[in-house]
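Taken verbatim from TrEMBL:
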DOMAIN    20-119  domain 'Amino acid transporter transmembrane'
TRANSMEM  32-49  transmembrane segment
TRANSMEM  61-81  transmembrane segment
TRANSMEM  101-119  transmembrane segment
């Protein structure tokens, strides 16, 4: 969530977040400040409910927002695919040498962890 709000920097390139796009690049739109404010104003009050049953509406809202995010992302992707501004995704991995095969196996722990955590 913080990457969407405040942006992210990786591999020497910076991707603007929603807050940076609206208000510019300031200390108040940085990752640390956004995480702190989100934790204090959103997550901390939710942690003080006496009964977990009180979070049912919050969970429903979270699922609805995830679906909205998915629809927006899929819509942007399809528009960009049809305009030709991005390449069509590869369905199979690009295997060129033994290193590329080894890179496939480095993804297995991530997938296993995601499956186990999703199940739990």
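Backbone N, Cα and C define each Cβ position, glycine as well.
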### Residues of the parent chain within Cβ reach of the transmembrane segment (61-81), under 8 Å, 6 or more residues beyond its termini
88
### Query
How many of the residues that make up the domain 'Amino acid transporter transmembrane' (20-119) does DSSP mark as helix, as strand and as coil?
77 helix, 0 strand, 23 coil
